[in-house]
Amino acid sequence: VGNTVLHILVLQPNKTFACHMYSLILSYDRNKEGPGSLELIPNNEGLSPFKLAGVEGNTVMFQYLMQKRKQNLWSFGPLSTVLYDITEIDSWAEDQSFLELIVSTKKREARQILDLTPVKELVSLKWNMYGRPYFCFLALFYILYMVCFTMCCVYRPLKPRTGNRTSSRDNTVYVQKMLQESYVAYEDELRLVGELITVIGAVVILVLEIPDILRVGAAKYFGQTILGGPFHIIVITYACMILVTMVMRLTSTTGEVVPMSFALVLGWCNVMYFARGFQMLGPFTIMIQKMIFGDLMRFCWLMAVVILGFASAFYIIFQTENPENLGQFYNYPMSLFTTFELFLTIIDGPANYDVDLPFMYSVVYFAFAIIATLLMLNLLIAMMGDTHWRVAHEQDELWRAQVVATTVMLERKLPRCLWPRSGICGREFGLGDRWYLRIEDRVDPNKHKMMRYTEAFKVQDRDNYDKGSEKLETNGDTLCKKEMSALSLSRSTSRTSSHRGWEILRRNT
């Protein structure tokens, strides 16, 4: 019951009342230390009161709980050294990481905790010492891996075509080799090494990604921009395309160019994932993800309807015409592709002035140009501009959250020998087995002195005003003018003393 009340207090809007009641309940806890403590008992979602405060973005309760856990090591004048308990914050030995819970929540207030002590210092320590070097090495390794895969695709086994052409528009001169013909020469053996590296890399990607999907859940794993959800979809699809290409090569099935082309596009697009490790490029990847999976996905539905309607009209108009004179609409798939190019203004309207074009072509093309170019493209630009304005106000905050997510991901993937635990064990200071982060702080004495001056002058003004109000209420109506003059004199006197105090404060500043 006490643990349930603690969880309810974390969710209370009155933060001051919740903190006082929290301390009151803990004062009756018999097991204040150890696994039986009320603060360490999780709820049905596996969240302790401390983790719940972080997920809900309750910064007041979070700071209050951190102040209860800190240990003052020593202080000398304005300098002080504090040990902050990071047992539940550090993701090194936690199945449900506090940092991962913060970056995966949809509440923006929770990301403000990343700027608070000691979370900010812990993330900075992890990222600068281990996260950034490992992430840069991983980016370089992935680029070399993609270069190897690209070279294998460029020099894939092909042979000249021996059959006759079936159509005048058939332009194929090379065909795919069979499996027995693909690995004969020395160059083929070099390509085989690169292909083996590519397949092994695809298997490693699936082995690393699938456990995280099962642990976090597909909806959260692929749906969170900060966790890199779209890039996880890209890299998993890339790995599947590599395996499909391998199966088609081993079975000598024609058409391997289809999964190979998809794999090349997806693999190189995934390089943008590594931009999150750089402050200059990280916010741009966030904007790209927001625009693609927000504005562009909605816009594609409207674009598909417009292209489908006008492509059908163009095909019907040129269905009775000679395709040799104007071949952009000679069949329905080519009509769809040509209309798509017209929609994006990649090409101009196809026309052959040596022959007579149908009259309806001019009418339909005029309507298409008005709707597609003038209306819908400008609508897309306006939508993306609005998204850019909204994301720009929180791009630095989102980038810091991406850094935290990347740090937690690397910490989970890498072996323990390559990523030691951050902080200091409490046994060195006689504080048990809990882990602490040592932070040195400098307290400015002038700042606190000025705050005391300010509060003292405010209290003096308030007392003088209250005394004048009491005098005004206790006297009768016949002495109203006399008391009003006395009140003005009292206020002028208090204003003079207060004025001297504010002058002292300004000079100190």
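Our numbering is plain: 1 for the first residue shown, then up by one each step along the chain.
Including glycine, each Cβ sits where the backbone N, Cα and C put it.
Annotated in TrEMBL:
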TRANSMEM  134-158  transmembrane segment
DOMAIN    135-394  domain 'Ion transport'
TRANSMEM  192-210  transmembrane segment
TRANSMEM  231-251  transmembrane segment
TRANSMEM  257-275  transmembrane segment
TRANSMEM  296-318  transmembrane segment
TRANSMEM  359-381  transmembrane segment
Close approaches to the transmembrane segment (134-158) from elsewhere in its chain (Cβ under 8 angstroms; 6 or more beyond its ends):
174-177, 181-183, 187-188, 191, 194-195, 197-198, 201, 242, 256, 260, 263-264, 267-268, 270-271, 274, 277, 406, 410, 414, 418-419
With contact taken as 3 or more Cβ pairs under 8 angstroms (pairs 6 or more apart in sequence), are the transmembrane segment (296-318) and the transmembrane segment (359-381) in contact?
yes
Looking only at the domain 'Ion transport' (135-394), what is the model's average confidence as pLDDT?
83
